[in-house]
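Visitor: Dropping the structure in here first, questions after.
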Amino acid sequence: MQPSGRHYVVVRPLFSEDSFAEQHERINRTRKTLRCDTNRAKNAARSLLPIIGWIKNYNIKEWLLGDIVSGISTGLVAVLQGLAFSLLASLPPGYGLYTAFFPAIIYFFLGTSRHLSVGAFPILSLMVGAVVTRLVPDGGPPANITGFEGLSMEQQRVLVASSVTFVMGAFQLIMGMLQVGFIVMYLSETLVSGFTTAAAVHILVSQLRFVLGLDFPGVNGPLAIVYTLENVFSDITNTNVADLVTSIVIMALVLIVKEINDRFKSKLPVPIPIEVITVIACGVSYAFNFEKRFNVVVVGEMVDGYESPIAPNLEVIKESAVEAFPMAIVGFAVAFSVAKVYSVKHDYTIDGNQELLAFGVSNMFGASFRSFAASTALSRTAIQESTGGKTQVILTLFFELKPSIDLGFLLEPLPRSVLGALVIVNLKGMLMQFRELPFLWKNDRTDFVTWVVTFVASLFLGLDLGLAVGLGAELFTVVCRTQFPRCSLLANITGTDIYRDRKDYNSVSADLNFPSSRTVLFNQGASANFQVVLKKRNKALRKIRKMLRNGELEISDRGLEVRQPSTDTSEDNNSMEGLDQPIDFSGIPIQVNWNTELPANISVPPVNIHSLVLDFSAVSFLDISALKGLKATLKEFLRIEVDVYIVSCDVYIMEKLHQCSFFDDEIKTSIFYPTLHDAMLHILEKHPDHGELEKVFTVICKLSRL
């Protein structure tokens with residue numbers, strides 16, 4: 001290739017795939033084998049324990065101070081969010097401290113993200129809470145489960161939460177071992193947006209009873225949000241004014257400070273940790289004795305230090321396994337999405353499969369110490385990154401959270417309405433996702449439908465069923481798009497080797513003839529039309545042979561002419577057999593031109609194209625069903641004397657065609673060409689009567705999918 005200004009000149013032979021393979025031998029690459037050596041062992045260790053990779057490159061002078069500041073800030077926020085999100089899990093607030101601590105220990109060693117803050121996540125907490133209230137309801141007896149005997153309601157709920165967290169972690173661990181980290185690809189951004197928005201509404205409604213100081217049992221299952229709102233409005237006259245005022249003040253203060261953080265983030269050295277400042281409410285509550293003077297519900301007795309490990313309850317696992325699986329998917333999908341943002345920003349890689357392993361082991365380990373489901377929260381991770389954190393800061397978190405657990409009694413006067421207010425304020429980002437709807441409606445109606453279906457199903461059926469319905473809706477749209485592929489009819493841009501959709505350009509060849517352009521190539525109706533043409537041609541040939549044998553036809557310079565009218569109107573026995581086989585001209589001394597008028601009133605549908613070119617450049621895979629359909633359709637074209645050419649076919653699809661015995665006496669490898677222009681030049685050589693490229697009677701179809 002020789003550059004010439006803004007032009008390029010390429011001089012090369014006209015290639016088919018066969019001739020290209022003859023001149024350019026392809027290298028047969030050897031596949032990797034399973035063998036163990038020192039390098040592979042080291043790589044496996046680094047993969048399983050990513051800490052080995054970054055700890056040896058840790059820059060103490062530049063990173064240590066930032067990690068300490070980041071650890072203190074993030075740790076304090078994790079403590080308060082753990083307390084708040086415990087309410088969503090229908091657990092005593094103190095157990096949120098365990099969720100903020102134990103899973104982070106394991107993730108420190110196994111995780112590949114350096115900025116992810118592992119701990120309680122509101123949506124997972126709500127999903128855990130749904131299982132907890134189902135098995136240990138507020139206003140009724142618990143489920144009949146072995147192991148509940150002799151336990152208080154609080155202990156039963158902790159056992160349920162830890163058991164469902166354990167099985168959730170087990171699902172994540174199994175998926176990581178099976179290397180299915182790609183599963184998040186099936187959770188599109190639109191689906192996740194609709195799901196998390198519905199979850200935010202669920203969380204908002206569930207916190208109303210704490211913000212208003214109302215006392216009614218929690219509700220779970222389909223239509224839970226409707227029943228909860230019914231309870232709120234029926235009991236709203238009993239609102240505790242002190243709780244309501246405290247919540248409004250806290251929400252207003254937090255929103256104002258968060259707005260300041262957003263507007264002046266470029267000028268502030270670190271974001272103002274407003275969640276930490278709200279512990280002042282704890283001191284105010286203690287000083288004015290809110291619990292007794294205003295009947296305010298406070299956090300109450302906290303856990304005292306660490307408790308001994310517990311084993312998961314097998315019966316609880318059986319009862320909650322179906323709900324634990326979507327928790328595993330949601331927890332991983334959210335964490336991986338957040339981790340990916342910061343890995344791109346700070347130029348390091350994360351491994352989806354290793355993240356599954358890390359979260360699986362983290363949740364199983366944390367569940368053994370009574371923590372509930374852990375993932376991440378964008379706000380905590382943003383604080384960890386913006387305060388200068390460069391790596392996971394487990395030591396700092398230890399020194400921060402260990403005293404928090406030991407000195408948890410200092411938080412006992414904190415009103416639960418404050419925690420509810422903190423939860424609601426942190427929903428702002430998720431609730432603002434409603435703003436995506438106008439954009440989706442204008443630009444992608446399919447994604448709009450997916451968003452709305454996921455949101456409505458998650459809102460009214462519950463988060464677990466809603467996620468399943470949303471995923472089903474998304475897969476349904478994929479199936480629909482697959483079943484109705486886009487098939488473009490291409491034309492040559494005059495004076496170039498470029499081909500574009502003929503409807504989009506005025507400078508395409510004006511005289512191209514597209515008589516078959518009204519049907520999609522693999523449409524059943526089109527296939528039926530090809531079969532009709534083939535059968536009528538074979539039937540016409542039988543009649544011509546018979547008339548020639550009977551002397552009713554003669555051959556002249558003008559072709560076939562009737563010598564005498566046929567008086568035999570009977571048809572051959574078994575006349576319908578073999579009509580769908582390739583056309584056989586044996587016994588007929590001349591080639592029949594099917595596009596001219598035939599003798600003896602023989603009528604055959606005309607076919608006005610001589611070549612069909614299929615552009616496979618956008619075809620990424622070919623399953624067995626599509627392969628069989630393609631083979632049958634190509635044969636139908638070839639049997640009615642339409643040459644078929646396939647261009648720009650991926651080399652691995654070619655390998656699959658060979659493996660599946662696609663080629664035979666009718667379909668040969670010679671129909672494949674490396675480029676569309678190669679095929680068109682070959683057609684010009686084969687049909688010189690048409691002259692210029694602009695005059696070729698050829699249909700060029702670009703397929704997006706088979």
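Backbone N, Cα and C define each Cβ position, glycine as well.
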Visitor: Among the residue ranges 118-137, 638-657, I'd like the one that TrEMBL describes as transmembrane segment.
Guide: 118-137
Visitor: Most CB pairs under 8 Å with the transmembrane segment (324-344): which of 95-111, 157-178, 190-212, 448-473?
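Guide: Going through each listed stretch, the top one turns out to be 157-178.
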Visitor: Between the transmembrane segment (157-178) and the transmembrane segment (448-473), are there three or more CB pairs that fall under 8 A, provided the residues in each pair are separated by 6 or more in sequence?
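Guide: Answer no: the transmembrane segment (448-473) and the transmembrane segment (157-178) share fewer than 3 Cβ pairs below 8 Å.
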